[in-house]
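Q: Below are the features listed in TrEMBL for this protein:
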DOMAIN    B:66-278  domain 'ABC transmembrane type-1'
TRANSMEM  B:64-93  transmembrane segment
TRANSMEM  B:114-135  transmembrane segment
TRANSMEM  B:155-178  transmembrane segment
TRANSMEM  B:199-220  transmembrane segment
TRANSMEM  B:259-281  transmembrane segment
Amino acid sequence: MAFLEIEHLEKSFGTNRVVKDFNLSVAKGEFISLLGPSGCGKTTVLRMVAGFESPSTGAIRIDGKDVVKLRPNQRNIGMVFQAYALFPNLTVAQNVAFGLKVAGVGRAEREARVVEMLRLIGLPDKGPSYPFQLSGGQQQRVALARALAVRPQVLLLDEPLSALDAKIRVSLRAEIRQIQRELGITTIFVTHDQEEALSMSDRVVVMNGGVAEQVAEPFEIYNRPATRFVANFVGQLNRIEARVIAPTTGEIEIGGTRHMLGRSLPSGDVALALRPEALHMGADPARELNLTGQVTEVDFLGSVIRLRVDVAGNRLSADVFNRPDAPPPALNSTVTLSASASDLIILTA
Amino acid sequence: MPIRSATSRFRFNPHWLGLLPFALFTVLFLVLPTMKIVVGAFQTPEGSFTLNNIRGLNTPSILSSYWVSIQLSLVTATLGCLVGFMMAAAVILGGLPRWVRSPLMTFSGVASNFAGVPLAFAFLATLGPVGLVTLWLRQEFGINLRAMGFNLLSFWGLVIVYLFFQIPLMILIIAPAIEGLKREWREAAAILGATGAQYWRMVALPILFPSLLGTFALLFANSFGAIATAFALTGPQLNIVPIKLFAQIRGDVLGDPHLGYALAFGMIVITGIANGLYIWLRVRSERWLK
């Protein structure tokens, strides 16, 4: 049964509809990411769950209780903000204890909870410090401890990693996920960073123009995008224009060369998509798609080499592992790339 | 290893020249006059050392003038801070239309510098014994301000006149500080269960405290040293220190410049104490600042 339910949620600012018929069911203890570009409505959804924005229509239920009419301080929700939002005039310990203090929790219990929370985030000695004395990563961990100290029903994370540098971001996202699993707290995480969303979440909601385009597990989102937008937004994508010769057998023509995919396709012209890592160097008769073209670019990225190959006007990117015994092909050389029909994504919507 | 000469380390930076006019101005019109006041307060007209000028302050009339000045400054600074803060907060945080803000700030800029004879005349013309508002209230509504105890030429009358520039000054200074309150702090407090009052008591006001304190000190000093408005409004009859001081130094036969120096020295001491108190409180309240 869903712990957090969002039904037919809509939000308009004047004539601008920023969230359109948004629906989501989140199980208890689940980690859900709202992923999308700026202005897609993900933060507005989060702020409606928090109570900072009122929905134009729709329902938000937490543990079966409709919270739409409740003020933020009545919802028992924890939130971590992008810019930390620690109270600068309070020490770390006072920040963490803030929610407990306003709830009237006794001093002894407050202090015990602060110790527990600071240990949880790995900053047991920072209680007397002020926020300005901490690094960005430490401040965000304190913000997490502050949000969790009140034992909220739901934790909302509003792009909490985007203000941090890349290295801290990677380590902190693992920490956040570990703490979330440890506490089993239902979490909604807003981000525009697909790597964060895919690596941390049980499920990802990809949003565009106020609409949830796809709600699925990260593997599904990446490998079987439901819409053209999801396919383009999540990960790198090669787009191949093809003409379907035989829809039932999946015979297609790309740049005058025919290929038998062995799967049904819509008739007419289709746009096919392939992830760069689904293309392999060299011809392979076991794979349905063998494409020959000219190397136009070779990017050495360390463990991976990214090739750009022109195949009958389609500019394809192929990621191949760097192997010291197999140097990358030379620029302007002719290569054959192969791919399995099952890796092909047919872009429809 | 190259050795840098001592002269290269102390090479003259021409950018310092930019500060020269300000430095000259400060020395000529602040440092030297202050020194002259301090020295003069301990000198006889012949130039020898004396404590008689300071002892001369210990008369009921002068002590009373200090007390009235301190009361006037405290009242106008307190009311100016309260009203100005509420107005600035209403405009910036209170959800009032954005178009209200620009005229208010412009008006505040003008009104905070509107003092002296024009201000006194404006108030006499409106709230004086035969002022427009006084007569209008009497004729239209039968409200007789004078019969109700209001007199523009009294302590509270002066308070109202001073508030005309104290409130706008507060608005001008506190508005940027209020704008500095991050929306996320209010939201973080709310999501943690705090009411609006708890947020103001535990977060917003402590953050604003140094600014409020600083503005209060400024308003106090602004009121304590003001003379033109008070003199234009009441003449020499109001017993405040600046008017007493003016009477001693204006050069008529009753004047005693060295008592004037002592009076000014007393003002420096009082504003010094007020500023010392402000700095001490500010340091205490700013431990959390970088």
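Numbers here mean position along the shown chain, with the first residue as 1.
Glycine too: its Cβ is placed from the backbone N, Cα and C atoms.
Any TrEMBL annotation is an automated prediction that lacks curation.
Help me picture these features in the structure, burial and contacts included.
A: Counting only same-chain residues 6+ beyond the ends of the transmembrane segment (B:114-135), those with a CB under 8 A from a CB of the stretch are 145-146, 150, 152, 157, 160-161, 164-165, 226, 228-229, 232-233.
Here the transmembrane segment (B:199-220) has Cβ contacts under 8 Å with residues 73-74, 76-78, 80-81, 84-85, 166, 169-170, 173-174, 177-178, 180-181, 185-186, 189-190, 271, 274-275, 277-278, 281-282, 285-286, 289 of the same chain, all six or more residues outside its ends.
Long-range neighbours of the transmembrane segment (B:259-281) within the same chain, counting only residues 6 or more positions beyond its ends whose Cβ lies under 8 Å from a Cβ of the stretch, are 34, 36-38, 40-41, 43, 53-54, 56-57, 62, 66, 70, 213-214, 216-217, 220-221, 224-225, 241-242, 244-245, 248-249.
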Q: Go through the chain and flag residues at least 6 beyond the ends of the transmembrane segment (B:64-93) whose CB is under 8 A from any CB in it; none is fine as an answer.
A: 57, 100-101, 104, 155, 158-159, 162-163, 166-171, 174-175, 178-179, 181, 212, 215-216, 219-224, 238-244, 266, 270
Q: What same-chain residues lie close to the transmembrane segment (B:155-178): Cβ under 8 Å, and 6 or more beyond its ends?
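A: Residues packing against the transmembrane segment (B:155-178) from afar: 68, 71-72, 75-77, 79-81, 83-85, 87-89, 91-93, 104-105, 107-115, 119-120, 123, 127, 208, 211-212, 214-215, 218-219, 222-223, 226, 229-230, 233-234, 238.
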